[in-house]
């Protein structure tokens, strides 16, 4: 316990030292000076730089300045000498008046230290003012019968100085009848009195002249004098007498101040000053003395202020008349005040019952008030009224008391507040009135349900909206107030496509803002029907409903889908055939596409995006029909490649492209002959490449051997050279030249090509396939031919096939078939319309161009006819489809047909997931023949 006690004592000692230091610093920071008054400007008060422990030059460096409190600055700093000097003349009497000490306090700020120093300057008094009387002469009248010892007050002298410099004494000039008596008051003031020492005799001397001198105690001594004229009065033996003993007068209360009422006259038989009469009020109270005034010379009585009959209607007073000898006479004055209508009625509210419920019954008391008038007679009779067309009425319940009642049932929704003006009017002439204004609040009850601004709402929202998007804001207005008008919004429970409505949309219960909780898809559903309910917070709550229908607007969010031609399932590329004898406008094929959007977003247009032979083919703008633009020539290549672009009319437009391969030949043998001619240049090119590689390898080998021999001759031994050559020849012996020749680690890849075409036994048309080039040693391999085979040909069964491994061909996709109604017919005679409107039924007039892929089974058994059976893959006279569109979604209702209000309908049956009855039972394998 000893250690904590010592710590506490040490802490208290430190605190005490800190307090003493602060007191010492505060005392040290207070600087005191003194300066006499009336000094000239620039008078040095003190060396402030020394007292602040600063050099004179530091006053400017440290930005030392005087901080005043808005008063006129009496002192200033001299930055050169570091002294505090006067800024002008200082008058102590003007500054501090009669204060014993005159102190001037201000602060000096040292800005760099941010420290203030208190400065106290005492302004000392100098004897710069002499005692002064208010008048230079004074007349004193004394009756000759006055007895010795009588005292008469004399005027005082005023000296603004203080201390010894102030007034110290009075002196009276020498005489035989009077002496001077000086009295000192409680406040230290010196009051002189004139004392009669000897009786006066008017016959001996009618007047006496005296001089009173007032002196201060300063250096030099200052004084002033006043002359006193003493007049000896004669004896007075007649008193003043009034003409009437009682004066009566009547006056209206509204006469202005200064109105003459009467004149009371008194006479004195004496002569001279003894016969001169002076008038004054004698017996009068203080209130009356403020209302009336009396001329002391003439005796005229007039009003000094406005009279008030209601305050006092009768006044009684006495008037005294005194002559110069001191004799007096008296009379009585009676003043009657007559009433005029100068007071407005006064209305005093006794009870106010506000607010009032809007369902208050008729006759409910709202206000009880008193109305009275201070006037008398008819001037004091009051009549009260209120403005018309209000739901209230006035009743006079008792004398001067009125009640304000409800005249009918109130409706807060029509008027929530009433400003009632009660007018009180007297019956005077002219009548005076007073108005009071009352604000009556009507309390609401929950008698109104929320009401929507519309009977129903239709809202439009573009599809693909972001989640949480604000859709719409419904507003219901409740004419009630406060909680009765606070509306809470909600959605009625409902189910849409098996899911609760709350999974699609939500509503803010406070604001009525409808939000989307998911991204809507026009293709999924196009409108939502919901009920929005608005309930107030009253007791009991009231509610109302409104129907809201949300329409989902289609956006161009789906690109066109190419239905035909489609990529075969076996990975090959379909080929369309066109005879060399085709005339301009010959229908080669037709591109069929659909768009999942609707309206203009699904309106498709076709154009030829790219072609290997410009000007040879054209595409119908709205039909997608690929036709020959000119007659085919012998110089036209066998294989023509076309890229057709399909674009919708949405904003922004979306598009898709499809690549078509057209083989130009009149018959199937022509195709085979053309294929044979195409293989010869390929073999020549391969042989030329092999020759170049052999020559390059030989040259490089010679250079390498020469270099090795030279090195061996110079630096290596003969046996090491022989061993190195043997090892080198052994390493090169096992590399087949048909694959690659290595030159300094670089491999030259041999390119192999594969070609495949499919034929049917009953048709002159063929399916020609040109796969991608196959590279021997790359990571990417083609599935249509093996790596070591330079050419793969798939031929019909009536051609000889070598003993090579057979690769099974994928069967045609049985899901991609057209019904008989959808199967396109012969259309070579039709002409495409590039600028016209769409056909009336796009799916009924050659919508689809089927890929021509021969069926091996039909070619083998020869069961197919030229026209092709319903259950076979045979070809028509022109072309036939090899797949149906049963698995493709029916978007024809989305297709917009310009110039027509019709929509496309599906005539085909729905997909049943089963293969056709005949024609696809046998699968055919294509043989591959190696070309060297």
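Including glycine, each Cβ sits where the backbone N, Cα and C put it.
According to Swiss-Prot, the feature compositional bias 'Polar residues' maps to 816-841.
The annotation domain 'Cadherin 1' is assigned in Swiss-Prot to 29-133. Confidence over the domain 'Cadherin 1' (29-133), given as mean pLDDT on the 0 to 100 scale, stands at 83.
Annotated domain 'Cadherin 2' per Swiss-Prot: 134-242, in sequence order.
Sequence annotations record features per position, and here Swiss-Prot assigns domain 'Cadherin 3' to 243-347.
Secondary structure by DSSP for the domain 'Cadherin 4' (348-452): 4 helix, 56 strand, 45 coil. What Swiss-Prot lists as domain 'Cadherin 4' is 348-452, and the listing cites sequence analysis.
Feature annotation from Swiss-Prot assigns domain 'Cadherin 5' to 453-562.
DSSP assignment over the domain 'Cadherin 6' (570-683) gives 19 helix, 47 strand, 48 coil. As annotated by Swiss-Prot, domain 'Cadherin 6' applies to 570-683, with the evidence given as sequence analysis.
Long-range neighbours of residue 47 (N-linked glycosylation site) (same chain, six or more residues apart, CB within less than 8 Å of its CB): 81, 82, 83, 84. Annotated N-linked glycosylation site per Swiss-Prot: 47 (among others), in sequence order.
Per Swiss-Prot, N-linked glycosylation site is recorded for 127 (among others), and the stated evidence type is sequence analysis. Reduced to three states, the DSSP call for residue 127 (N-linked glycosylation site) is coil. Counting every protein chain shown, the number of other Cβ atoms lying within 10 Å of the Cβ of residue 127 (N-linked glycosylation site) is 18.
In the shown protein chains, 4 other C-beta atoms lie within 10 A of the C-beta of residue 389 (N-linked glycosylation site). The feature N-linked glycosylation site is assigned by Swiss-Prot to 389 (among others), with sequence analysis given as support.
Within 10 Å of the C-beta of residue 419 (N-linked glycosylation site) we count 11 further C-beta atoms, all protein chains included. Annotated N-linked glycosylation site per Swiss-Prot: 419 (among others), in sequence order.
When secondary structure is read from DSSP and collapsed to three states, residue 545 (N-linked glycosylation site) falls in the strand class. The annotation N-linked glycosylation site is assigned in Swiss-Prot to 545 (among others) on the grounds of sequence analysis.
Here Swiss-Prot flags 803-841 (among others) as region 'Disordered'.
According to Swiss-Prot, the feature region 'Disordered' maps to 902-932 (among others).
Per Swiss-Prot, the feature topological domain 'Cytoplasmic' maps to 714-932.
Feature annotation from Swiss-Prot assigns transmembrane segment to 693-713.
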How does the domain 'Cadherin 5' (453-562) divide up by DSSP, counting helix, then strand, then coil residues? 7 helix, 52 strand, 51 coil
If you compare CA-to-CA distances from residue 127 (N-linked glycosylation site) to each of the glycosylation sites 389, 419, 545, which comes out shortest? 419
Distance check, please: Cα of residue 545 (N-linked glycosylation site) against Cα of residue 419 (N-linked glycosylation site), rounded to an integer number of angstrom. 37
Between residue 389 (N-linked glycosylation site) and residue 419 (N-linked glycosylation site), what is the CA-CA distance rounded to a whole number of Å? 12
For the domain 'Cadherin 2' (134-242), what are the DSSP-based totals of helix, strand and coil residues? 3 helix, 55 strand, 51 coil
Per-state residue totals over the domain 'Cadherin 1' (29-133) - DSSP helix, strand, coil: 13 helix, 42 strand, 50 coil
